Amino acid sequence: MPFNDLQQIQPSKTGRKHFAVLLDPDNLTEASCLNLIDVSASHPIDFFFVGGSLITTDNQAGIIRLLKKNTATPVILFPSNSQHIDQQADGILLLSLISGRNPDFLIGQHVLAAPTLKASGLQVYPTGYILVDSGRQTTASYMSGTTPIPHDKPAIAACTAMAGELLGLRYIYLDGGSGALTPVAPDMIMAVREAVDIPIIVGGGINTTTRATTALEAGADVIVIGNHIEKNPGFLAEVSNLVSSYNVTLDVHR
Ligand code: 1GP
């Protein structure tokens, strides 16, 4: 069964695993979105995340409308700035870019968004967003004007996540960025897992089931996949099966 309340995730190295599909409104047509909804009907996922680091079209509202009309899977905004709030969605990752030192993405955009968010019915998920170097500059890093954490510095990521948790953030999102050449390294995920007691979301460059397994085994509670599913919708089914196999094993041993 898919798991559809981000608030109820129990963070754990061996706990239940979750799968989010990231939909970038710039890269989807109505037909490709409906196709993914169709695949997810027989291969359940936990969440649709909608957003991108740079949105150049006005497709987002239409994509969310399509999702809300055709699937019960929760739709969670993954916004790049305060302009991308859409009340049709179920919730929003309120991302504070704690790996960076750009005040606009640490608190500035949040100030702009706050009145709209307070008045909306959106479930707000306060998230420490950590960008990790993935072998090339990503749109997220360029657009935010921040330097990602070096790939081979798990201690920096762990201390950053710890600080985020101490500041009251409820989720940590470790992201190599969309289309990352190298996903976040397992030793970094493990270090963060050891450092915090809040759920860890991991994404960026997960384009094989081996990479998905590595992230899950290292302690990711939620894995996020965008690019590779856009190119190959069948990958949604493969990862859905993989995540289900983890959770079935858990259920059998309970
Ligand atoms: C990007 O974590 C997401 O912010 C997903 O990355 O598109 O590389 O799967 P991909």
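Just so it is clear, glycine is given a Cβ too, placed from its N, Cα and C backbone atoms.
What TrEMBL says about a protein is an automatic prediction, not a curated fact.
As written in TrEMBL, here are the features:
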BINDING   Asp24, Ser53  Mg(2+) binding site
BINDING   Tyr173, Leu174, Asp175, Gly176, Gly177, Ser178, Gly179, Gly204, Gly205, Gly226, Asn227  sn-glycerol 1-phosphate binding site
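Projection of TrEMBL feature records onto the structure.
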residue : record                               : Cβ neighbours (10 Å)
Asp24   : Mg(2+) binding site                  : 23
Ser53   : Mg(2+) binding site                  : 20
Tyr173  : sn-glycerol 1-phosphate binding site : 27
Asp175  : sn-glycerol 1-phosphate binding site : 28
Gly177  : sn-glycerol 1-phosphate binding site : 24
Gly179  : sn-glycerol 1-phosphate binding site : 15
Gly205  : sn-glycerol 1-phosphate binding site : 25
Asn227  : sn-glycerol 1-phosphate binding site : 19
Pairwise CA distance, Tyr173 (sn-glycerol 1-phosphate binding site) versus Ser53 (Mg(2+) binding site), rounded so that it is a whole Å: 14
Length of the line joining the Cα atoms of Gly205 (sn-glycerol 1-phosphate binding site) and Asp24 (Mg(2+) binding site), in Å: 14
Distance-selected binding-site residues near ligand 1 (C-beta under 6 Å), from Asp24, Ser53, Tyr173, Asn227: Asn227
Site diameter for sn-glycerol 1-phosphate, Å, by largest Cα distance between Tyr173, Leu174, Asp175, Gly176, Gly177, Ser178, Gly179, Gly204, Gly205, Gly226, Asn227: 17
Three-state secondary structure, which DSSP defines for Asp175 (sn-glycerol 1-phosphate binding site): strand
